[in-house]
Amino acid sequence: IKKWGHREVNLPEVTQQDAVCPASIPSPGLSAQTGLQKIWGAVHCQVCPGAPAWPGSPWHEEMGLLLLVALLLLPGSYGLPFYNGFYYSNSANDQNPGNGHGKDLLNGVKLVVETPEETLFTYQGASVILPCRYHYEPALGSPRRVRIKWWKLSENGAPEKDVLVAIGLRHRSFGDYQGRVHLRQEKEHDVSLEIQDLRLEDYGRYRCEVIDGLEDESGLVELELRGVVFPYQSPNGRYRLNFHEGQQVCAEQGAVVASFEQLFRAWEEGLDWCNAGWLQDATVQYPIMLPRQPCGGTGLAPGVRSYGPRHRRLHRYDVFCFATALKGRVYYLEHPEKLTLTEAREACQEDEATIAKVGQLFAAWKFHGLDRCDAGWLADGSVRYPVVHPHPNCGPPEPGVRSFGFPDPQSRLYGVYCYRQH
């Protein structure tokens, strides 16, 4: 009995004749199994004279497998291509080893990717550049061909989104980004991403990855849209929306469901609201500036109160929406008479505009300083008016968008707010 590792293998008796080294060497065209057997036969003659070398013995098979694994792990051995967003060969720049490319990175040269630490702020419909540059430390004497990949990170349960990949002058964009994104590449090592016609869902964190052969480094860019958070309640009353319905009503009002970060920033700016509402991560929260008995009691400090995650379909609350700055203009339509809801829609159309949405009115109040003490119809059938500078006979002493709720659509007591896109 011979011992090999932790296993015991019964081997037949070996004669001196059996231990003679084979004279032949595997030739091209041999099968993988035959080639392996011949290779092992040649190797065992050099390192272990007298050891059995016949095909089929357990010792032979185990050593053959170990030898094959060792050969595959040797530097320069060729295997399957590595995949990291691109297919590429084992040598840098798709060239043969030994030309100097790729060797620098193994000799202390470091690939560095630079992106801004501060958050970038912009608005819906604008164009924005997400900066990203790379360099080598120490600098290289000749340019290298690299791969670039941009993608949007997963957030609040949403999947990651591929944005753009590029190799040299060739590039490809994906999904909703097609036709809206491209690399700047105006200067050497500049791989900044330009996004045009920004949409509400474009805000978030983006990663810029630079790939040089098997080396890759990346940086993070955070993009925020300037906007305003507003609470929204169903026409049927308080706490009537599940999470999916909350998403729908926000979209109908030119907005999206607000994130916690957006609600927290709005609270820092003074938002105080006692009704709990859905947020983008399916938690339910509400912002309190002035603690009071109906809103969690007076014993709690001001802050954003949380009910935690709730069932997206079964539980019902209000919702916090987020609308960004506008590319158009919201205005109160001067009309000789008060209007019903249907007449209000028609009046805006006659003025080559559309009846304004709730999100548009909030954005006009926040970013354009819209200040009117006249109540007007909006697209959802609610009646509201924006106040920047509070004054007598115009509601509470704080700035904000006042609401009359959802009056009878046939009543002729109100004007209308219209929206005209630039």
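Every residue number used here counts from 1 along the chain in the order it is shown.
Each Cβ is built from the backbone N, Cα and C atoms, and glycine gets one as well.
Taken from TrEMBL, the feature disulfide bond covers Cys274-Cys295 (among others).
According to TrEMBL, the feature disulfide bond maps to Cys373-Cys394 (among others). Take the CB of Cys394 (disulfide bond) and look out to 10 A: across all protein chains shown you find 15 other CB atoms.
If you look up TrEMBL, you'll see 110-226 marked as domain 'Ig-like'. The average pLDDT for the domain 'Ig-like' (110-226) in the predicted structure is 91.
The domain 'Link' annotation in TrEMBL covers 228-323 (among others).
For the domain 'Link' (328-420), DSSP puts the residue distribution at 20 helix, 25 strand, 48 coil. For 328-420 (among others), the entry in TrEMBL reads domain 'Link'.
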C-alpha spacing of Cys373 (disulfide bond) relative to Cys295 (disulfide bond), in angstrom:
29
Between Cys394 (disulfide bond) and Cys274 (disulfide bond), how many Å separate their Cα atoms?
22
Around Cys373 (disulfide bond), how many other C-beta atoms are within 10 angstroms of its C-beta?
16
Please work out the helix, strand and coil residue numbers for the domain 'Ig-like' (110-226) from the DSSP assignment.
6 helix, 62 strand, 49 coil
Rounded inter-Cα distance in Å - Cys373 (disulfide bond), Cys274 (disulfide bond):
24
